[in-house]
Ligand SMILES: Nc1ncnc2c1ncn2[C@@H]1O[C@H](COP(=O)(O)OP(=O)(O)OC[C@H]2O[C@@H]([n+]3cccc(C(=O)O)c3)[C@H](O)[C@@H]2O)[C@@H](O)[C@H]1O
Ligand SMILES: Nc1ncnc2c1ncn2[C@@H]1O[C@H](COP(=O)(O)OP(=O)(O)OP(=O)(O)O)[C@@H](O)[C@H]1O
Ligand SMILES: NC(=O)CC[C@H](N)C(=O)O
């Protein structure tokens, strides 16, 4: 039997788009003589419809649209994910279609309720062993804990989270008792660095443990704004890996197939581990794809960035250039520009000649392209595209240094982005003078340190917003997770913007990634920033302000953050862990850092609530709208910290 999975890049309740990609996948599968095709979880509506899943109309519309898909399934069995609402309860299901008929709906039994997932808010879990009937017009179909048969192969479902539960709970064991040979898993499993390894083990070990064939297909791309899907497709049999695709493709449909002969036994084998994932490369691909999808789905014309020459803004700039490099390498220049949605046919023709009307489904995947050196011609084409998609500005003050200016200017030139440079001292002086006049006293660094820092960061916002508005672009804000944790940012100043691409990753990782990008991606201009200490450059230069002097070493900040909010330890436990781990810092100093972290954390929840939408990239983040909820007003750990 020829099995296929198709990763789809969907958009919440964009029926036209979602049906088009589903149809495209089915057509590709038919052309490849596929017998059974698995599409991702909830691919008909999109996974990220949020509270709309609670409305009657969304599921009703999905069932209507499912009827259109029936006629595309002649000669093939297709699994299509959609919500079904029965008696005011919504179930997360996969419809099984064949030869124009709906055979039934398998329903998800375990709902994802951790990290970025809030499924129990929208869905009800389906009880194991039960079935019901749903009616539509004059037809009725079974729904629930079902098994199916195709070409004499019995198969059943685990829908995403179903497979992440302990062996005693998950459906697989019960499916085996019912004689199933194939488990199909349609998923919407969010990207996080290194997560592919966990998924690989899950699928391979299940195929081994249950002595079965396991077919897994994930969603693809930045579906709804924050969460990225890597489009992983896996097929395993009795511990053998039969198929694993390139992840994080820029294609809308990534179909992969493999033949399995169910009439012949395959002796079980121990699972061969994957090589350790390269997180720098993974992040590069995920960030590039996330930006591309966000830009085109928001119907924007590119990005504007206040480029300080420091680590955070340099990383954001490189990410846009990498979006162009990886996207053109996989899709080809013309198709990349067409999909970006903001280039005219004339612009595309000028850069690449006559536009190819049909995308090439067999173009190499992102892995092939990610680290290969570009020829000079493609490099120059990419720079021209980047000049349309990235506008940057250095906005200096008397506190800015030549080092950061050079870093910003050279990087923008190397990437091909537009670079402007102006100073904001006049505006800062204007505001300060107004307030001095109003208060009838001078503002000084001795009395008004933070306020004088913040006004500089804020004065940078209106100009860069104006530039973004006139160009119809998204303003990138450069905050990282470490800054977000301790509120080391000026609200409505350097937080101003419409997306925060790197707010999910910590500052230490940002610095390491930039060193990797200089060496592996060959961006030589990064040598400047890689030689700099992170600094806000908001105090007079002779003050030698650095982030780590204001706060604490970033590695330590990151460790405290993880212990406190990923491992969920108490302040006392965090301190005890640090004292055990850190041999070069005194316990008294560690106590100061722990106290500083927790008080800044609690005081700055309101800032995290106001960050621009951020991508989920690491195994956790501090965004209250995706991973980590925390009260805005609280006791602030006062007693816990006093007791340390
Ligand atoms: N719970 C709450 N809900 C709502 N608002 C609350 C609040 N608690 C305080 N506030 C208000 O917050 C305001 C203070 O916040 P805000 O004005 O943002 O400023 P603030 O947090 O006081 O200071 C900003 C910090 O970020 C650092 N910074 C700024 C800019 C750039 C960089 C860099 O790394 O480049 C670093 C700077 O060195 C300083 O340490 C006050 O007006 C206060 O009333
Ligand atoms: N001179 C400047 N010109 C333009 N933008 C600036 C300037 N200084 C600060 N900014 C903006 O404010 C943001 C916050 O500054 P921050 O210091 O946190 O980041 P960074 O300068 O990119 O990195 P680092 O902290 O490593 O120096 C910058 O990323 C940038 O968008
Ligand atoms: N959609 C889901 O059920 C996803 C949950 C699963 N734990 C994952 O992260 O992949």
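Here the Cβ of each residue, glycine as well, is placed from N, Cα and C on the backbone.
Copied over from TrEMBL, here are the features:
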{"type": "DOMAIN", "residues": "1-262", "note": "domain 'CN hydrolase'"}
{"type": "ACT_SITE", "residues": "41", "note": "active site, proton acceptor"}
{"type": "ACT_SITE", "residues": "108", "note": "active site, for glutaminase activity"}
{"type": "ACT_SITE", "residues": "160", "note": "active site, nucleophile"}
{"type": "BINDING", "residues": "189, 195", "note": "L-glutamine binding site"}
{"type": "BINDING", "residues": "454, 483, 607", "note": "deamido-NAD(+) binding site"}
{"type": "BINDING", "residues": "478", "note": "ATP binding site"}
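Nearest by CA distance to residue 607 (deamido-NAD(+) binding site), out of the recorded positions 108, 160, 189, 195, 478, is 478. Within 10 Å (C-alpha to C-alpha) of residue 160 (active site, nucleophile) lie the following recorded positions from 41, 108, 189, 195, 454: 41, 108, 189. Each of 457, 479, 487, 488, 489, 490, 491, 493, 494, 495, 604 belongs to the same chain as 454, 483, 607, is absent from that list, and has a C-beta within 8 angstroms of the C-beta centroid marking the deamido-NAD(+) site.
Pairwise Cα distances among 454, 483, 607, which the record gives as the binders of deamido-NAD(+), peak at 15 Å. Separation of the C-alpha atoms of residue 195 (L-glutamine binding site) and residue 454 (deamido-NAD(+) binding site): 38 Å, rounded to the nearest whole number. Checked against residue 189 (L-glutamine binding site) by C-alpha proximity, the recorded positions 41, 108, 454, 478, 483 yield 41 as the nearest. Between the CA atoms of residue 483 (deamido-NAD(+) binding site) and the residue listed as 'active site, proton acceptor' there is a gap of 35 Å. For ligand 1, the recorded positions lying close by, meaning a CB under 6 A from one of its atoms, are 454; the full candidate list was 108, 189, 454, 478. Nearest to the residue listed as 'active site, proton acceptor' in space, judged by Cα atoms and limited to the recorded positions 108, 454, 478, is 108. Note on residue 160 (active site, nucleophile): other Cβ atoms within 10 Å of its Cβ, all shown chains, come to 27. The binding-site residues under consideration are 195, 607. Their Cβ neighbour counts within 10 Å are lowest for 195.
Ligand 3 lies under 6 Å from the Cβ of 160, 189, out of the recorded positions 160, 189, 195.
Across the fold, the C-alpha of the residue listed as 'active site, for glutaminase activity' and the C-alpha of residue 454 (deamido-NAD(+) binding site) stand 50 Å from each other.
Taking a Cβ distance under 6 Å to any atom of ligand 2 as the criterion, the recorded positions 108, 160, 189, 478, 607 reduce to 478. Non-local contacts of the residue listed as 'ATP binding site' by the CB criterion (under 8 A, 6+ apart in sequence, same chain) comprise 305, 306, 308, 312, 313, 315, 316, 494, 497, 500, 502.
Most other Cβ atoms within 10 A: among the binding-site residues 189, 454, that distinction falls to 189. Residue environment of residue 108 (active site, for glutaminase activity) contains 27 other Cβ atoms, counted within 10 Å of its Cβ in all protein chains.
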